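S.K.: Feature list, courtesy of TrEMBL:
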TRANSMEM  A:16-39  transmembrane segment
DOMAIN    A:17-194  domain 'MacB-like periplasmic core'
TRANSMEM  A:284-308  transmembrane segment
DOMAIN    A:287-404  domain 'ABC3 transporter permease C-terminal'
TRANSMEM  A:328-359  transmembrane segment
TRANSMEM  A:380-399  transmembrane segment
TRANSMEM  A:425-446  transmembrane segment
TRANSMEM  A:467-489  transmembrane segment
TRANSMEM  A:525-547  transmembrane segment
COILED    A:680-723  coiled coil
TRANSMEM  A:822-850  transmembrane segment
DOMAIN    A:828-944  domain 'ABC3 transporter permease C-terminal'
TRANSMEM  A:871-903  transmembrane segment
TRANSMEM  A:915-934  transmembrane segment
């Protein structure tokens, strides 16, 4: 029996091609998604191993509920900061080689390339790290030395490569305060690729200063890194790390709120949080794997139905010569298993290739990844199992039919009525209705103030779980419900969708329409593949269009200023640049938005940001949408203007008084004096020692030696005079406090999570160190040629490299282009689901054609032209495809509308349904159908009329 | 009895054009008169003919000759039955005549048009205008009602529907009460009557019927055959029918018997008994014995 199965498989191989492709695609997504995740994890581990390579870390003991990053998806726990001074305690512990705070800043630096343009990355940050010998074990200097001064920098090899800079070159480095000339003094390499990040080695002092500016944290740090000396300069083993951590813990002073953990633990925590953040990618890929496998399983079912139907006589013969049903079953199933194996194997290869391609593509785009991209044996096994199981499921039913073939073949194929679809209609409708109810519920929670429903328990539920759960449950119910319901919709949909074709092509249109209703389940399954893909894509395109429209809406309705200036490095705008812009001819006013760090209100942070603005903000930049109070007056009078969300959150009303606390950094005169005195004493001691030596040498008659020593002493004095005094300045932070009244509450979407105050109020709380200009709004003087002004502005900010001038349209399109980038990925997924759907339609039609061989022969015999047969099948295919697409569009748009409502407060102000785009999807679906019908129609027509008619 | 000779074939070739015109006139008259008047079958008009038709299957060594230089004409207004044992080539002959199969050599003409040289497009046109089919297994489109099935050929061809003719045909086949039924709701006999009505609806030059009673019980067979016979005698329809049922063949005006790809007998209005006799001779496995009756026919076929 197995031999017969194998022989059949060989004979049928050409028919299996489509099934194999479908299975291979499905499996490739499964394997690819695992493989991709493994690759990313490996990359993360590698980077952790090389970037977070200390043996022991000392960090805070108390987990901090960080309200600054409430919206962050990171699962990384943050702890209280520890005092810098602990370093001294740790240094003295036995076995500690070095203990230090490695300061790094990310996102606020920009390196200027050899050719004078800024180095740009694909989303990876530019990081500045304070490095000197021994601070980073995994980094090796390959050339030159580490940076020692503000105007020196050491480059990571990838940074050197992307900038085209060599040791000795002078270039510009854009600090948050503006560009400065720097010399490349060294190039270093790291063990792992840095995924496209541009890493700059700065002098440790410089990095510390930048870090303090960026974070507003002074004298404190998140953690202290410790290298141990226990393993002859090699990284410590896990046990050694633990022993060292224990010793350090004992040495830490009581009340320091600090604890030492092993480097391994730290790395694991970091890796895990990054992996969690990247975790969403795999399910996304898996959705498409499920679509592909779903289509694959019924392509297989269809293919085997065809084969079984055609070989029925053979099976009957086998049965009549004594084969058991099980044996016949096995002849069919063996073919399926073979097919599954081949398809899965191809899929594993394909999946591996895909990940390889992604890695290649990312490297080309500037994100080199060194993670291992090969699937593990487990991945392969999973892929193989999935493929084979899906194939088995697909083939089981046809195989059963073969096995049950009566020994004397007398099957009349015309009589094979379908099971009624009513039960599915009922179940499906219930599911869809429940799903829609869940969405409505979710929509009401999101949009209605107060109770979303008149029903108490539901409201309690809403309070407890928010919008996420009803949204997800609704989506699940609707998608599955529609798939269940679809067969029942085939007939009415056929009538509606077939109306136009049957008006134009009277006979073929009508035939096509009715043919679809013959196998409602099959038609519905075929359409389902498109349904799911289109639903996802159209939902996301509604969300994307809404996001764009919302930004455009803000600009159109609120933005009054003509230009905005912002920093591409998403950092601060140097004061010099602000001045330069103010000097530009034709500028009426410049409003600066300055962000304040570490501001607390009544002792608590807000889940938003605080900004210092000028009173011209509401008159020249954005018109306020005032809920209560007078925003304009409030800003002028030094009162707070609070965004609606925050006001609601904190329960603030106009007239309330709030105590604000902030931080100012000032020079700690005492400490600085002490540091200078210490340093002077130190230098003095050194000079004295040298002079003494010189005298001794002179006394012993070594005049040359004495002279050398004296020169050395003199040199030390000169050095001391030349030393950068800023390195000796000690700063301290003081807490500032002021009471302010809430003057107005506004609901402009961009201000919802902001608290605005005027500059005077802000300066009471913060200073240059803790307050940065991040955006400028420029109003043009009346009658100024805006295009010329724009050119002048661009010229004015050119020396700062990273500042860009945006006019109103640019302002809109910055958001749009971001959204468009995301959409490109979506379209790739859409294309993929279309390809899979085409397979499905082709296959369904092929089966249908094979079943209708006689009928088509008859149609041909009574005068149906080839074009008419093609037309009939094309209409059938187009209706299937439009049916699936329409279901997808309706569901997807529904989901989009609900999601828009849920995130209405997070910037999706305006609902925009991209009708044009959805129309294109629909047109495309017609095209897809027409395309899919070509091959089956060709097959139908290839069969001579005579054979078709005579085939019994 | 056998009247086909090569000479006759030659002689009749010239008549084709005039015959078509005459037929066209006749049809117009029919319509005007509400279809009631019979069109008398006229001798001497060939609707379809085969010239030196050869059909072989398979490669050289193993070639099987299905048709061996067959010359034959089918007369307008006649029902001709083609009989013969299995493998005699009777179905092949009909398929070649109807343009369903391509002959290896020789020519086939329907209404003076050379079918054997036609491309797909012309064949489609031919099927729309000149040829009707009735198959053994009814071959109705299962998704269409009886009425839609009957009208299908006209609609496919985009021709206007002659309602009077439709009503008449439906009345004759006795399907008035069944028009809205789907094929699956009809009995075999009813289905075959729908198929007959469908073939008749377009009033083709010739209807080819392949074992039209092969799947029917004897009562349904009788109904279908008498309907076919009526259509020949009342409306001048030309029918070529392949059958191996002598009872069915006895309804025909003329019976051709094939054996081993050659016409071995050509009988005009044979009785049931006569047909049985011929086949009794066949059954003796001595095909040549039957040639005694149709010697001239064979000679004609071979000429």
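Glycine too: its Cβ is placed from the backbone N, Cα and C atoms.
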S.K.: Counting CB pairs under 8 Å, which listed stretch among A:284-308, A:425-446, A:467-489, A:871-903, A:915-934 touches the transmembrane segment (A:525-547) the most?
M.R.: A:871-903
S.K.: Taking only the residues in the domain 'MacB-like periplasmic core' (A:17-194), give me the average pLDDT of this model.
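M.R.: Over the domain 'MacB-like periplasmic core' (A:17-194), the predicted model scores a mean pLDDT of 77.
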S.K.: With a Cβ cut-off under 8 Å, give me the same-chain residues at least six positions beyond the ends of the transmembrane segment (A:822-850) that come close to it.
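M.R.: Those are 18-19, 21-22, 25, 288, 291-292, 295, 298-299, 302-303, 305-306, 309-310, 515, 519, 522-523, 525-526, 529-530, 532-534, 536-537, 540-541, 544, 856, 873, 876-877, 880-881, 884, 921, 924, 928-929, 931-933, 935-937, 939-940, in sequence order.
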S.K.: Out of A:284-308, A:425-446, A:915-934, which stretch touches the transmembrane segment (A:328-359) the most, going by CB pairs under 8 Å?
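M.R.: Ranked by Cβ pairs under 8 Å, first place goes to A:284-308.
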S.K.: How many helix, strand and coil residues does the domain 'ABC3 transporter permease C-terminal' (A:287-404) contain under DSSP?
M.R.: 100 helix, 0 strand, 18 coil
S.K.: What counts of helix, strand and coil residues does DSSP assign across the domain 'ABC3 transporter permease C-terminal' (A:828-944)?
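M.R.: The counts are 101 helix, 0 strand, 16 coil.
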